[in-house]
Amino acid sequence: MGRPDPEEGQLPAPVKPPDGGWGWIVLLGCFVITGFSYAFPKAVSVYFKELMKDFHVGYSDTAWISSIMLAMLYGTGPVCSIMVNQFGCRPVMLIGGLLASAGMILASFTTNIIELYLTAGVLTGLGMALNFQPSLIMLGTYFDKRRPLANGLAAAGSPVFLSSLSPLGQVLLEKFGWRGGFLIMGGLLLNCCTCGAVMRPLDMGMKRKMGKAQDKYEAKEMLPIGGKSEEGISTTDGTKKGKKAKKKPKKGKKLLDFSIFSNRGFIIYTISKFILVLGLFVPPILLVNYAKDTGVPDTEAAFLLSIIGFIDIFARPACGMVAGLKWVRPHVAYLFSFSMLFNGLTDICSARASNYTGLVIFCVFFGISYGMVGALQFEVLMAIVGSQKFSSAIGLVLLIEAFAVLIGPPSAGRLVDALKNYEVIFYLAGSEVVLSALFLGVASYCCLNRGKKEPPPENNPSAGGGSDTEEAESDVQEAEEHSSNNHQPAHSTDNAVVVASEEANHVAEEQRGEGGGCPAGDGEVLARDGCNADQMVERDSF
């Protein structure tokens with residue numbers, strides 16, 4: 001009583017993220033899922049030569065397997081968002097793990113390249129997409145104050161798994177052939193189901209139970225001890241049950257929330273991310289061939305990617321720790337802009353590297369900047385839209401990025417074939433990354449800072465900057481203020497209850513002697529004018 005009921009058109013109060021506890025297990029699961037999602041499409045390239053021999057196809061034909069996996073990972077973002085909003089994260093991840101494993105197992109029995117596209121490409125790619133997106137959503141649910149660090153640690157799964165899956169794939173290929181390797185890889189992907197099983201949702205019904213217990217406590221405090229107290233409690237519970245029975249038909253939850261496009265911060269982030277992806281992946285794709293053209297031996301050229309991966313492993317958690325500092329976190333969007341600027345300038349400055357030492361220096365700085373971008377990209381998105389709308393936001397962002405992935409690297413490859421010059425490609429890729437950094441920084445400063453000076457609308461949810469815990473606490477505070485304006489406060493000490501009851505009884509006796517009745521009005525006014533507490537509880541219950 002005296003508290004807004006979640007059933008009355010209001011969303012249940014979100015549970016405060018624990019920032020630890022079971023959240024560390026969720027973080028471990030997200031680490032594994034991120035590693036499989038980003039590293040597996042690249043690790044499959046180990047089997048390409050054997051596939052070319054068995055199916056009598058070219059390198060470009062086999063490369064479509066990895067491309068289809070990445071296209072499914074990015075392009076099915078809205079589908080994943082709809083499924084998560086409808087069924088929850090854990091069931092979607094369990095289904096995704098089964099699909100990813102089934103795709104690789106079926107691929108081991110294929111007889112032509114088209115069947116490989118459908119199994120290892122489409123089916124496995126869809127399964128990894130159904131695991132990747134929900135794991136990030138759960139990570140944002142369990143962490144708030146430590147969320148930047150959690151995102152950095154989870155993002156480190158990509159370089160760790162890339163450095164382990166590629167050698168493992170080579171060993172499996174030598175001992176069991178590509179069919180046996182695919183079969184074992186399919187078995188490894190079943191670990192995604194284990195990661196999905198640990199994604200335990202936070203108990204959203206806890207506050208409802210506490211609210212019901214608090215209502216009964218308030219009724220006992222306000223009523224005289226005896227049979228009337230029990231009648232008042234039963235009346236209150238019966239009235240609430242009647243309310244719930246009348247208001248059973250509820251408005252369905254949005255499967256995909258397009259209202260996030262009204263958030264200027266989200267629009268700025270999406271545009272900058274599209275420009276970023278056009279050039280971000282081009283240098284590591286062309287690096288080995290670029291090194292070979294400059295006269296670097298094959299083994300040393302391949303080692304350059306290992307340098308990037310090794311630096312990346314440490315850069316992502318370190319950047320997550322820096323982003324979690326109190327004086328840095330409110331400006332995490334500008335840190336993300338700086339990391340993109342750092343990456344783009346690294347590409348531009350290394351375009352004229354003509355020896356192995358220069359390429360090694362490029363790999364060190366590229367690994368640092370690439371790790372910073374990977375650690376901050378989803379943290380910035382969570383800060384902009386909040387955890388409540390993150391499931392829809394990430395799906396739409398990944399869909400838009402899918403077009404950039406299909407445009408950027410293939411266009412760079414065609415330019416290399418036409419110009420026979422890698423220097424121009426590095427300049428072009430670096431310029432695109434620098435442009436995205438400048439757009440994000442300037443647009444965030446001009447548009448978002450100007451918007452902060454204007455008073456926000458009352459019913460417009462916060463778009464970003466603040467933590468989810470602060471939003472939840474403000475909602476609870478508003479609900480308590482609402483209840484105090486309409487009903488008499490029930491939290492008082494025992495002495496205050498005794499004094500109030502004595503005054504009410506005294507006034508009631510005087511009015512009975514004068515023949516006065518109970519006037520109509522709110523519960524608080526009725527108690528002061530002489531109505532007993534039983535009547536007040538019954539009116540409050542309605």
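Numbering starts at 1 and runs along the chain as it is shown here.
Quick reminder: no glycine exception, Cβ is built from N, Cα and C everywhere.
Since this is a predicted model, take the numbers as computed values, not measurements.
Listed in TrEMBL for this protein:
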TRANSMEM  21-40  transmembrane segment
DOMAIN    23-448  domain 'Major facilitator superfamily (MFS) profile'
TRANSMEM  63-84  transmembrane segment
TRANSMEM  91-110  transmembrane segment
TRANSMEM  116-137  transmembrane segment
TRANSMEM  181-202  transmembrane segment
REGION    228-248  region 'Disordered'
TRANSMEM  266-291  transmembrane segment
TRANSMEM  303-325  transmembrane segment
TRANSMEM  332-353  transmembrane segment
TRANSMEM  359-378  transmembrane segment
TRANSMEM  390-412  transmembrane segment
TRANSMEM  424-448  transmembrane segment
REGION    453-542  region 'Disordered'
COMPBIAS  468-478  compositional bias 'Acidic residues'
COMPBIAS  485-495  compositional bias 'Polar residues'
COMPBIAS  503-513  compositional bias 'Basic and acidic residues'
For the transmembrane segment (266-291) and the transmembrane segment (424-448), decide whether they are in contact, meaning at least 3 CB pairs lie under 8 A, counting pairs 6 or more apart in sequence. yes
Residues sitting near the transmembrane segment (359-378): Cβ under 8 Å, six or more positions beyond its termini, same chain? 136, 148, 151-152, 155-156, 158-159, 273, 276, 280, 283-284, 287, 290-291, 294, 296, 304-305, 307-320, 323, 332, 335-336, 339-340, 342-343, 346-347, 349-350, 353, 394
Please check if the transmembrane segment (63-84) comes into contact with the transmembrane segment (181-202), where contact means 3 or more CB pairs closer than 8 Å and the residues in each pair are separated by 6 or more positions. no
Would you mind listing the long-range same-chain contacts of the transmembrane segment (181-202), meaning Cβ under 8 Å and 6+ residues beyond its ends? 15, 17-18, 22, 25-26, 28-30, 32-33, 36, 40, 47, 88-90, 92-94, 96-98, 100-105, 107-108, 120, 124, 127-128, 131, 134-135, 138, 141-142, 169, 172-173
Other same-chain positions with a Cβ less than 8 Å from the transmembrane segment (303-325) and lying at least 6 residues past its termini are 145-153, 155-156, 158-160, 162-163, 284, 287-288, 291, 332, 335, 339, 359-360, 363-364, 366-372, 374-376, 379
